[in-house]
């Protein structure tokens, strides 16, 4: 076993104007030979800790040693043996894959035969060999992360710090990244992987769980998960849909957390609560409730004190959408988009009914985003039709867009404007003026908890507040249809739950939602899902339908992520001769 370690002794970091330290005095030891996960919600202190370990931030008190080096006093020696991949890794998008590798090799002084051998090993390791001449900007999200990892590994570091490398990456690419990182750890490298995705944390041998700068837990994820035995349940009702059932359950004092899981509601009960407490609670309909296997996420949420929010205030301020329940409001007919001879979307067909949440899933580069952009009028189809409320977006885009709300990936907010200025700008774009505009800004600010930060520059906001603001901006004109492009990418489970409470309350009002996501637990909130691969719609149905389609002897009860990977594997096998 490699004896490389990170040791923290009372390590603390404070920033001016903050009541609490970004990282409270922290004592722990991190070993090599396996992947250690750094887990916590937005603002927990994960990135601050990473930056101190990399020597990019000076601690206010305490000390850290990284394989024997002080990150500040011995920065030169440390940087020779440390690889750090930040959230926004510095790839040069106008350079090719090989040109990026050459640049990082120059920076690391890797030359001659050593460079040649290193590149050969990394290109094989990352499967990027066939793409050395491709511009980095033209790579899919998963391939960019692999290239970022390859560039970080050019100098053959002994310590690897990865800050949320799985954000925006599809399940197949994430699995490949994990296989690569586990292989490196097995060779004796010390690896610290920061994440807000708790399914990733479950793959770590050891985790550090932080919240508000404090270390709440260090140990095996499995050990923390086992503390939740007898407290995780799946609930259904023959008389009520899962969204309404979730709203009722979250108001009960016996419930610590709840979320939609396919056709069921997943509940975490407080320590002394029993299923009978839920069955006999006031206002609950007839239910079926059965114990299920706990997950690390259940333990994480419980350790943080539960989900906290039980109801979205949006339901009280949004109007009910007029229209016939069950009528088709979004439709793709033989939808095709070609770039030269390449068909990014190839004769795709689907229909979305009023008041439904429809999810588009697919690997990076599969055509999912192209399809989504055509459906909300951001791309013109080569052939076929994208219809919204019966209107062809190619012919009636202006009229159709009056009924659409769009929340872009990475939120598309104006960072140099304040929160209120963003709300004023977007409401103005949607035609609101004067008193009506002021009232809508006030109501949305109240609903999303933005009033106290109205004068803050948007660039300075934590990710969770940016997400709230982006959703508020997209709802200023109270659209009938809402398009969400990876709306919770990189946010923590608490923020994700709050977001979906808002979405569920809107759907109860008749709003139709179309969403793209790489986060498979999020797909469970969808009524139906379309899986796009190689430009084609290869599967569609409810989350439970897709899981049933992918079930086999090895995986009789697959997760949504396992179903995603299996359905693509099955399609590849079936079309291997084409």
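The backbone N, Cα and C atoms fix where each Cβ goes, and this holds for glycine too.
Keep in mind that what you see is a predicted model, and the values were worked out from it rather than measured.
The ATP 1 binding site feature in Swiss-Prot is assigned to 40, 41, 42, 43, 44, 45, 46, 47. Look at Swiss-Prot and you will find 362, 363, 364, 365, 366, 367, 368, 369 tagged as ATP 2 binding site. Per Swiss-Prot, the feature domain 'ABC transporter 1' maps to 6-237. Sequence annotations record features per position, and here Swiss-Prot assigns domain 'ABC transporter 2' to 330-559 based on sequence analysis.
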If you count other Cβ atoms within 10 Å of each one's Cβ, which of the binding-site residues 46, 368 has the most?
368
Quick check for the class: what is the C-alpha distance, in angstrom and rounded, between residue 362 (ATP 2 binding site) and residue 45 (ATP 1 binding site)?
32
Starting from the Cβ centroid of 362, 363, 364, 365, 366, 367, 368, 369, the recorded ATP 2 site, name every other residue in that chain with its Cβ within 8 Å, sequence order please.
140, 170, 370, 532, 533
Quick one: give me the count of other CB atoms within 10 A of the CB of residue 45 (ATP 1 binding site).
23
Sparsest-packed among the binding-site residues, when each Cβ's other Cβ atoms within 10 Å are tallied, from 41, 365:
365
If you average the pLDDT over the domain 'ABC transporter 1' (6-237), what number do you get?
93
Centre the Cβ atoms of 40, 41, 42, 43, 44, 45, 46, 47, go out 8 Å, and tell me which other residues of that chain have a Cβ in range of the ATP 1 site.
196, 210, 211, 492
Which same-chain residues, if any, lie at least 6 apart from residue 364 (ATP 2 binding site) yet have Cβ under 8 Å of it:
140, 141, 142, 143, 169, 170, 173, 518
Among the binding-site residues 40, 43, 362, 363, 367, whose Cβ has the fewest other Cβ atoms within 10 Å?
43
Which one, from the binding-site residues 47, 369, has the smallest tally of other C-beta atoms lying within 10 Å of its C-beta?
47
Could you tally the C-beta atoms, other than its own, that fall within 10 angstroms of the C-beta of residue 44 (ATP 1 binding site)?
26
In whole Å, how far is residue 368 (ATP 2 binding site) from residue 42 (ATP 1 binding site) when you measure between their Cα atoms?
28
